[in-house]
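J.: I'd like to ask you about the structure that follows.
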Amino acid sequence: MQRSPLEKASVLSKLFFSWTRPILTKGYRQRLELSDIYQIPSADSADNLSEKLEREWDRELASKKNPKLINALRRCFFWRFMFYGIILYLGEVTKSVQPLLLGRIIASYDPDNKEERSIAIYLGIGLCLLFVMRTLLLHPAIFGLHRIGMQMRIAMFSLIYKKTLKLSSRVLDKISIGQLVSLLSNNLNKFDEGLALAHFVWIAPLQVTLLMGLLWDLLQASAFCGLAFLIVLALFQAGLGRMMMKYRDQRAGKINERLVITSEMIENIQSVKAYCWEEAMEKMIESIRQTELKLTRKAAYVRYFNSSAFFFSGFFVVFLSVLPYALIKTIVLRKIFTTISFCIVLRMAVTRQFPWAVQTWYDSLGAINKIQDFLQKQEYKTLEYNLTTTEVVMENVTAFWEEGFGELLEKAKQNSNDRKISNADNSLFFSNFSLLGAPVLKDISFKIERGQLLAVAGSTGAGKTSLLMMIMGELEPSEGKIKHSGRISFCSQFSWIMPGTIKENIIFGVSYDEYRYRSVIKACQLEEDISKFAEKDNIVLGEGGITLSGGQRARISLARAVYKDADLYLLDSPFGYLDVLTEKEIFESCVCKLMANKTRILVTSKMEHLKKADKILILHEGSCYFYGTFSELQNLRPDFSSKLMGYDSFDQFSAERRNSIITETLRRFSLEGDAPVSWNETKKQSFKQTGEFGEKRKNSILNPVNSIRKFSVVQKTPLQMNGIEEDSDEPLERRLSLVPDGAEQGEAILPRSNMINTGPTLQRQRRQSVLNLMTCSPGNQGQSFHGRTASSTRKMSLAPQANLTEMDIYSRRLSQDSGLEISEEINEEDLKECFIDDVESIPPVTTWNTYLRYVTIHKSLVFVLIWCLVIFLAEVAISLVVLWLLKKTASQDKGNSTQSINSSYTVIFTSTSTYYVFYIYVGVADTLLALGFFRGLPLVHTLITVSKILHHKMLHAVLQAPMSTLNALKAGGILNRFSKDIAILDDLLPLTIFDFVQLLLIVIGAVTVVSALQPYIFLATVPVIAAFIMLRAYFLHTSQQLKQLESEGRSPIFTHLVTSLKGLWTLRAFGRQPYFETLFHKALNLHTANWFLYLSTLRWFQMRMEIIFVIFFIAITFISILTTGEGVGAVGIILTLAMNIMGTLQWAVNSSIDVDSLMRSVSRVFKFIDMPAEESKPPTKSFKPSKDVQLSKVLITENHHVREDDIWPSGGQMTVKDLTAKYIDGGNAILENISFSISPGQRVGLLGRTGSGKSTLLSAFLRLLNTEGEIQIDGVSWDSITLQEWRKAFGVIPQKVFIFSGTFRKNLDPYGQWNDQEIWKVADEVGLRSVIEQFPGKLDFVLVDGGCVLSHGHKQLMCLARSVLSKAKILLLDEPSAHLDPITYQIIRRTLKQAFADCTVILSEHRIEAMLECQRFLVIEENKVRQYDSLQRLLSEKSLFRQAISPSDRLRFFPHRNSSKHKSRSQIAALKEETEEEVQETRL
């Protein structure tokens, strides 16, 4: 970044903003890079500002019982704020005085007032000086206020972030990530722009008082008629504003509904294609869009009338002010012109400035109060450590995640009594609520000496993670004592990767030791992975380590924990995503050897780990079930494996299952209170699942994939699209609605982070607490099938280096000695790297081609524009007729000017009134005829239709695009098109285009009229308009690029916040908060650099426009004064019109810039529409939903791809020849020359290390990748049939389960092919019936938020049911048991045996016992097939499979390998049943 010229700029350069010229010139000539942006002035740096505000806030906290953030802000910023306010007031006063001088100039042309003629020239000079003065005062004042607003925002952002890092886990459990992000996003730039309007709260009333005083002098009491009309108008506009908010609230619910399904579709686009659901999804989204557009139209019409009311009010204000006075007394022309000029200023003050100022204060104070409440939340307390202690001791410790649980239990009991549940269910219900108030850990005691390994085991939700949290100080014990030295290292259950290099992630700010670092990498099996990169361990990882596989992320997290030299290592299920072989090696080399002399606490459920541990602690429902050694365990607790694995026996299979479903379901409804059920009582209590941590986690751990949801639709809740998410107990925020047009929601867009919050955060999200975010795996951990983006699917070794994220900017290399010494300079190369994903290939200024395409996309639009032009020509013609009459009357007037006019009646019809009538029409330049009032409606209506067409085309294009194209895009980027850009096309663009067309026509009309009066003026107008057009073109190139860089600069702020929250426990365990605060300040400074420069260049442009206008006005004033002879009218008309033409022309130029900026959204949408399609499909009927389609009604659509007589495939034989697969065109091959064949009905297991390409092979079968080679099914080659028909041959159970928002029926059968009887039959087969029957509405129960009420196991069963319903002959399973509880796992195994007995099954799996049912195995290593053989052959050779099975397992599974095949098989089956519990690995 370059040094800012502002630092060396002179006073004049600062006053006129000339210091921005170098960047404007550069931006005009070439594309701006981040390195071209100037550094921020030190006064604006986040470090200085946050330190200042933090000091004042601490003072406020210390000195008062009831601290107020506004007081701290006042002490920091008040005097500068007032200084600029006074300058702004002086600038506004000049506007009020101008009409006085104008009146005097007009009076000097009165034939009876010849003595004043001599001073007309001086009055002209005075008038011009007022304009010059206003220009010099106004722009520096507005810029100064913008800057103070920006500084306030930066200081508050920093304070919020610092507070977030200090919050206690209990508080984090109650705050959702959406609330935190909205706390920042809603206030981003709200203060910057709002502060300039804030002063009008006192300026506008003073101005109105001054103007009314001057008008009283002219018109006496009748002046108040005009003011009364304006006040009524302001109230009318406020009423329209409220009406618009009502429509917008209704519509926001529909927008939310549409975006929920769209986001689910984009996230799971691979599943949508695999299931051939493109048409079903398209029709579902389009039907919601239909309803949404009806409400959009209503809101647009209201807003159109609101806008028109302002334009047309000018006529009535003047008319009502002048009319009573004219009827009582005679009126001279001078007074009319002066009144017109006064009324223009008055109208602006009453209907725009004052309401906007009140709205700004209302919004800003609301935001400040919310931030103040947040800053007073409870912070976490670190435990008092004893550095001399060597052992870890816990004595009788009990802890609760929730405070005040007793009260909650009472409420819960009361609540369930109200519901009158039957006795059978009641016991379940209460057993559940007793958990709510139960401690998460009860009376836990243990002691481990230095160097010992303690293994902690237990079923899901037993309190294992809570135990580690307690040792770290994240959870406070309510009784008992904990003792340890305090030097802790921690490895989280869900691997957390910070943006930066692999090396930075492992060292994590600890001093660098080469030998230690190499040992750790070797022990964690990272050497091979790192060697595949050109940059080795200096490769920059994207947000969340998205380019890595789950196993690679897990190993890096473990390496980070091991690298730190600590006394106590807490390892929370570090092996969750590793394959059996890797896990075994790492446990041996890392946990047992490298850390042999360290104290370790390992959470695990593996028998091998328990055997090697010095001590074992088994937890069950928060209590200590067993503590001792492994041999003691075998003697004392023979039933331990059932407690460890979380189930007692398969004998009570169905009862246990039913019980778990009911309790799970009831718990979710009663505690979350946001499911769409009719239990309003629960909603009122608004329990937010504040139970013990184990119970809370059960929800997210059995369900890890849905844990990070972007949107949710909560039925019948009105939502707003402007990114505000209120506290759950607060009513929907009602804006004061004084402002008619309000800030539209198009711009308040959230970060384009892949993991979370892509697109706007919609209000009333399903509450996903921050704690949940920290305890949940990202949706795409350890998978490549159904990956969210190219980056998530590409494994570490294959990721191209271009794909970096915004965060890479400021994740600088950690210094060798200490992570805290971060260089202030941001490396330019990194700045460039950072935006590679996001830089759009759209030219800085919208091309004419885009405009042409937009106008011609709907045939009516051209006619509507012609219609506007015709009406305008009619209006100009009327003006010219009036002008002709005026000249005629004026010439008559000269003849009989002596005629006395006594009658007040005739005075209205004198020559004066012809001037008056004429001016009222064009003079205010917006008082058009009644016809004009409605002329814009067809335009607005047609533009919304265009938006509908574009949305439809874009949705179709995305659904039909090949995966290679979609892989190259970010999920957030695609969703932004459907949220932000479509919102702009619906809301902002139609009215902005209408405003622009209206203003442009007004200017042309006014210029025509003035030129007819005084031809010299036409000569002055032409160069001025030319200068405006050139200035606009010059400025536009730079401003659009700066805006783009600014919006890209927002992403790192939010990405960093979310990243920090996900890894908060790790951060605090390593004490890295100061480093992350520094990184956050860097992100803020980067955004500030772009925003500050944008504000400065904008002021430069506005000031230049004002200067051109002042020069033009000076020229016009002197031309008219020197060339006009006798006659009051002409000078009055010319000067009043000139003042107005320029104001309107400035507005028109600004409006054209807005149109250009908004048309970029159209360019982006066209870019998506032009994406290539996968393959042409058979023609299908176009879909028009009926007028009253609602989401709650089941939408049955015809599936055109299913043929009645379809008998292919019949057997399921599969032949693969020379298959090569790539993720993107021209990328590296992920699989090379794969050839093998599968007999009908055979089961094939895929073996290979994490990231070897097993999931990729399954994707290639479905033609989701760029493939070469050939696959045949039952002799039919994939080239000979359509894609849809090919994919129909497969049933798929993906690793990432896809449940969209809709009914159970819709989720199982989106095309509506099967009747209820068939669906129930299949639900029965896969064990889903008991689940579905628990819900009100059964099959018609609407699932929301990725099926949040279902456990992960239930979702897997849904996928299984889909496959059974599809009657596919080949079944692909991608790690179906990754997160399953043992019961669901057994159901899936049983169903595979029964329902798919005669199908070909291809299985990718980590569990050994699941693989044993396969007849053949395909071993993949280094992108190629290493072996393809039977189980017996693999066990006899030195294969990967043989290495993965420990000798004890081999004995257990294959005791009589030499006996006959049949006997061996039945033996295996029997043994499997017996030993199921021992080998079961419950994924956490």
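In case you wondered, yes, glycine gets a Cβ from its N, Cα and C as well.
Keep in mind that this is a model prediction, so the values were computed, not measured.
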J.: Does the record from Swiss-Prot show Arg75 and Lys481 on the same side of the membrane?
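T.: According to Swiss-Prot, Lys481 sits on the same side as Arg75.
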J.: Among Asn48, Asn680, Asn803, Asn902, find the residue to which Swiss-Prot assigns the annotation N-linked glycosylation site.
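T.: In Swiss-Prot, Asn902 carries the N-linked glycosylation site label; others show none in the record.
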J.: Which of the listed positions, Asn896, Asn1458, does Swiss-Prot note as N-linked glycosylation site?
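T.: Cross-referencing Asn896, Asn1458 with Swiss-Prot, N-linked glycosylation site lands on Asn896.
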J.: Flag the pair the transmembrane segment (123-146) / the transmembrane segment (861-881) as in contact if three or more Cβ pairs fall under 8 Å (sequence separation 6 or more).
T.: no
J.: Which one, 223-243, 340-358, 1098-1118, 1133-1153, has the most C-beta pairs under 8 Å toward the transmembrane segment (78-98)?
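T.: It is 340-358, which has the most Cβ pairs under 8 Å.
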J.: Among the recorded stretches 223-243, 299-319, 1098-1118, 1133-1153, which has the greatest number of Cβ pairs closer than 8 Å to the transmembrane segment (993-1013)?
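T.: By Cβ pairs under 8 Å, 1133-1153 leads among 223-243, 299-319, 1098-1118, 1133-1153.
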J.: I'd like to know the mean pLDDT over the topological domain 'Cytoplasmic' (147-195).
T.: 84
J.: Within the topological domain 'Cytoplasmic' (942-992), count helix residues (DSSP H, G, I), strand residues (E, B) and coil residues, in that order.
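T.: So the topological domain 'Cytoplasmic' (942-992) is made up of 46 helix, 0 strand, 5 coil.
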